[in-house]
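Sharing a structure, written as C-alpha cells. Questions coming.
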C-alpha cells in the first residue's frame, strides 16, 4: 500500500438527489428519530424506576434500548441535517468516527439479542434452575461481554478502514460512511480487507442468526409438553424476540455476507436496518408485555398524583 492518503473529507451523495424527496426525508426521519429516542428512553426509565421489573429479561431489555437509542443517533442526525444542504461533506475523522459508532452499537445490539435468547432458553427449558443460572453476576457478565464484543467488532472494522490509502475520488454513494463504499474508494487492492469484512460483519450476523433460530426451535419444541396457558405466554415472549431478530439480522446478512461490492438496494437496506428496529423494538417489547405496560401506568400515575399533591399543598 504505497499510495498516500490525501483525502481530508468525503462527499456523501445521500439517499435522493431530488429537493422534494430530501424535504420529505427531513420530515419523515426527523419524526422517526424523535420517536425512536423517546420510545427507547421510556423503556429505560420504566425498567429502572419500576419496583417490579427486576427479572433478567428486563435487565437485558434496558441495555437493548440503550443500544437502540445510540445506534441510529450515530448516523440519522447527520443524514437529516444533510437534507438541508446541497453539498453533503464529512471529514475523514468524522467518517471514521461514524463508522466506528454505527458498527459498535449495531454489533452490540446483535450480541444483546443473543444473550436475551439464552435467557429465554433457560427460562422456558430449565425453569427450576432459572434463578440459579441467571443470577445477577451471570446477567452482568453477558451484558458486559455484549458491549465488549461490539467494541472489538467495531474497532477491527475501523482499523481496517483507517489504514487504507484514499488518494482519488472521495464521493461516497451513501448517506453515511460504511465499509463497502469506502473499500470502493481505496487506492489499493482491498481483496483481503474485503474478506476480513465478510468474516467479521457477515459471519457475526450469520452465526448469530443461526444460533438464535436454533435456540428458538429448541424452545418451541419444548413447549409441546406445557399447558396451553404456559405455551401462550412463552409464544408471546418468543414471538417478540423472533420478530426483532429478523428485523435486526437479515439486513446485515444481505449487506456483509457477500464480496465487497455495492448494490443499488444497499442504501435502502441499511437505512431500514438503522431506522426500523430501534423504532419498533419499544413497541414490540411493550405492547406485547403486560408487565411493562402495567409498570408504565403505575409510574405515571404516581408522578401524576405527586404533582397533584404539590399543587394542593401550594393552595
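Just so you know, glycine gets a Cβ as well, placed from its N, Cα and C.
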Could you tell me which of the ranges 121-138, 139-156 is annotated in TrEMBL as transmembrane segment?
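From TrEMBL, the annotated transmembrane segment range turns out to be 139-156.
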Per TrEMBL, which of 79-98, 99-118 is transmembrane segment?
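Range annotated as transmembrane segment by TrEMBL: 99-118.
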Residues sitting near the transmembrane segment (269-287): Cβ under 8 Å, six or more positions beyond its termini, same chain?
15, 29, 32-33, 35-36, 39-40, 42-43, 61, 64-65, 68-69, 71-72, 75-76, 102, 106, 109, 174-175, 178, 240, 243-244, 247-248, 251-252, 254-255, 293, 296
